[in-house]
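K.L.:
Structure provided below as structure tokens; questions to follow.
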Amino acid sequence: MGSFKLGKMTLGGLFKKPETLMYPVETKTPPAGLKGHVVNDVDRCILCGICQKRCPCAAIVVDKPARTWTIDRFRCVQCGSCVRECPKDCLTMEPTYTPPATSKHVDSFEVPETKKTA
């Protein structure tokens, strides 16, 4: 009896529309609640390092002397801890899928010097 069910399921699948997509050529609209990936507005970043301290995966590196903010996309688990803790609200979660990659990808941003007002 079990083989008949399996055969019915297999034959039924031949005449249905595929459930998968040709990603990344075709993409689905992101579902509500998708966190996506971290985006930094470097013009507002003060390089305080709180995001680096709060990141449970050590995916963020803040280098104050070099004025760089770096994120390792393969280490980041999109938990949102850095976004919640940022005092300047310069970090956001963009609700899009992270693009596929064939090699390790690290994004590094130079933070411009802020001008002090008198």
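If you go along the chain as it appears here, the first residue is 1 and each next one adds 1.
Glycine is no exception: its Cβ is also placed from the backbone N, Cα and C atoms.
All annotation found in TrEMBL is predicted automatically rather than curated by experts.
TrEMBL feature annotations, pasted as is:
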type     : residues : note
COMPBIAS : 104-118  : compositional bias 'Basic and acidic residues'
DOMAIN   : 36-65    : domain '4Fe-4S ferredoxin-type'
DOMAIN   : 67-96    : domain '4Fe-4S ferredoxin-type'
REGION   : 99-118   : region 'Disordered'
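Where in this structure would I find these features, and how exposed are they?
P.N.:
Beyond its flanks by at least six residues, the domain '4Fe-4S ferredoxin-type' (36-65) meets 30, 71-73, 75-79, 81-98, 109-112, 114 of its own chain at Cβ-Cβ distances under 8 Å.
With a cut-off of 8 Å between Cβ atoms, the residues of this chain six or more beyond the domain '4Fe-4S ferredoxin-type' (67-96) that come close are 30, 34-48, 50-52, 54-61, 104-113.
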K.L.:
Can you check how the pLDDT averages out over the domain '4Fe-4S ferredoxin-type' (67-96)?
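P.N.:
Here the mean pLDDT over the domain '4Fe-4S ferredoxin-type' (67-96) amounts to 93.
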